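Contents: one structure, followed by commentary.
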Amino acid sequence: MAFSTLLPSSLRPTLAALHWAARRQCRGLSTPQESDPALNLGGIFPPLTTPFSPTQEVDYAQLEGNLRRYASITFRGLVVLGSNGEYPYLASHERVEVVSCVRRALPRDRLLLAGSGCESTQATIELTVSMAEAGADVALVVTPCYYRGAMTTAALVHHYTEVSDASPIPVVLYSVPANTGLDLPMEAVITLAQHPNIIGIKDSGGDITRMGLMVHKTRQEDFQVLAGSASFLLASYAVGASGGVCALANVLGDPLCQLDHLCRKGQWQEARDLQHRLIEPNMAVTRRFGIPGLKKAMEWFGYYGGPCRAPLGNLNPAQVEELRSTFTANGWL
């Protein structure tokens, strides 16, 4: 356990600030209260799956193998411990070790975003500090949702403000209503965008009107909107999104980076054609078959997928065939 997690809660924000200042001084960077133009989230981030052995232990050797294969793809960075990383099924020490493992393998010019959201504000602060100590550049903080009826705009603004005040690294908000049943309210996003240590949001809801409004309403802030799915990546760029955190990038990383490139160059016809071929495979590895489908598809493209951790199960043969047919029909297999 990190030393910081053993401290009284009243001292953790102070430690976080001192840790951040020392870390950035060594790297020649400004304080977190100032704009950091180097921390550009523009580009594609795969939300990494967590490899497990047949006995459902984290398989760090297979994780390192996947990282070596991803190194040749022009990702802006990697996301660890998101929904596709089976984050809720990992123990705290496993979460920290996964981040440490990825950081050791990741070039310094690639950003590392690490999920650190917990149900309580105190636990989120503690884990966020641990993630920073393990080498994360940015904390990805999902909305607390167990008591979702009490998660009002005021409660969520207070939660994220406390976390961001104490965090030694910048924070990205994470709204994933399909998993949490809770959409981070627009009013909360607009308010939190003004916080100097909150630099963006990953929005996985798929409401393009909402995403465009976020971009519009936060245009005076140093705030970036990331699309949370490959299915609406082009549409997100069209309304001003900066990049995407896309499950399908675990499988089709190069095509997604190409889509990013085409959108930035304004080559919309080519981008649209490519986007169309990505929609069905993306739906298959997210909404249709979820993480078991994503891990199975990874194996067809040279990556280690492996089993999920129970209670998530594997696909049956009919599902595997349907998944394969979806990739084949769109020209990927």
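Heads up, residue numbers simply count up from 1 along the chain you see.
Placement of Cβ uses the backbone N, Cα and C atoms for every residue, glycine included.
A TrEMBL annotation is a machine prediction, not a hand-curated record.
Among the features that TrEMBL reports, active site, proton donor/acceptor is placed at Tyr174. The C-beta environment of Tyr174 (active site, proton donor/acceptor), restricted to residues of the same chain at least 6 apart in sequence and closer than 8 Å, consists of Gly82, Gly115, Gly117, Leu140, Val141, Val142, Thr143, Ile201, Lys202, Ser204.
Residues annotated as active site, schiff-base intermediate with substrate in TrEMBL: Lys202.
Feature annotation from TrEMBL assigns pyruvate binding site to Val245. Contacts of Val245 (pyruvate binding site) defined by a Cβ separation under 8 A and a same-chain sequence distance of 6+ are given as Phe45, Pro46, Pro47, Val79, Gly82, Leu113, Lys202, Ser204, Leu226, Ala227, Gly228, in order along the sequence.
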